[in-house]
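Residues or ranges marked as active site by TrEMBL: Cys74.
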Amino acid sequence: MKCGALFSGIGGFCLGFEQAGFSTAWAVEVNEHAATTYSQNLPHVRLLTKSVLDVSVSGDALEPVDVLHAGFPCQSFSQAGERRGFEDDRGKLFYEIIRLINEFGPNKPKVLVLENAPFLRYGEGGAWFLELQRAIRKAGYWFRPENSCELTANELTPLPQQRTRLFMVALSMDAFRSGRFEFPAEKDKNPKDMRKYIDFDGHAEDEYYLPTENRYFKMISSSVTDRECLYQLRKYEVRAKEPGVCPTLTANMGLGGHNVPFIMNSRGLRKLTEYECLSLQGFPEKFIFPDDVPRAKRYIQVGNAVTVPVAHLLAEKVRIRLAEEGL
């Protein structure tokens, strides 16, 4: 079974689906730094480094795929953002997904998998979600509110990251007799071992440590009560997570050192490294950042990524549903 990826980022969705036995035929990513990281780690995939606005099925000779997945831009749908929805240029990129589906004609993907911010379901009193539902149905897919679900990483997987995202699965009316779909629901009840992902005792390079003269150092360090916990600065307030829990890793980590979660060790107060963050997103150990990708861009890429084990669980459910229809 083959997948295509729009807004692929560094490949979280692609890796999750490949772990479930799917192959990735092609991917589209406009950001050059993210595309560089993607190509370094998924060299077997045909990657188009261009805006989805400039992609066409015929012009780019896109191979028909069974599944199309897309984590389309969430800034305009986020509760923490400007909440402009489909009025924002980034929000309008959703319609490019629909355009490309239509361009495939009778060869359109059997399954459409989308990812975005949970607030998309509630914005404008539910109008955003109704518009999304209308567009997907018009494209020839089964899609009801039951085809969307909020999935939380530390509830469903061994990962300690407390990250909740909205996933939506639409099934082609040409391929499926109904839109029935079962989302991952089995809870991971094992204790979360933060030390699998974070080196609490080791010493990272100097640039990861907050200088003692930094204005945030005293604020954060004075709040540290447990060296097995993570601490985060949010709007001049220090938030401590309970042991075994990592806060949501966001793209804002690339905007400044104080946006990255901190730990305190014998050497001082340091932010998590980009590789620790990558691990907390479930990327495999062999996944690497190219040397020419700046550290700030690496943090942004991690924060924008789809959590790999969550994508894997969802992909397994998609595979089962396809098999039920004999596809």
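Placement of Cβ uses the backbone N, Cα and C atoms for every residue, glycine included.
Because the structure is a prediction, the values reported are computed rather than measured.
In the three-state DSSP scheme, Cys74 (active site) is classed as coil. All protein chains considered, the CB of Cys74 (active site) has 22 other CB atoms within 10 Å.
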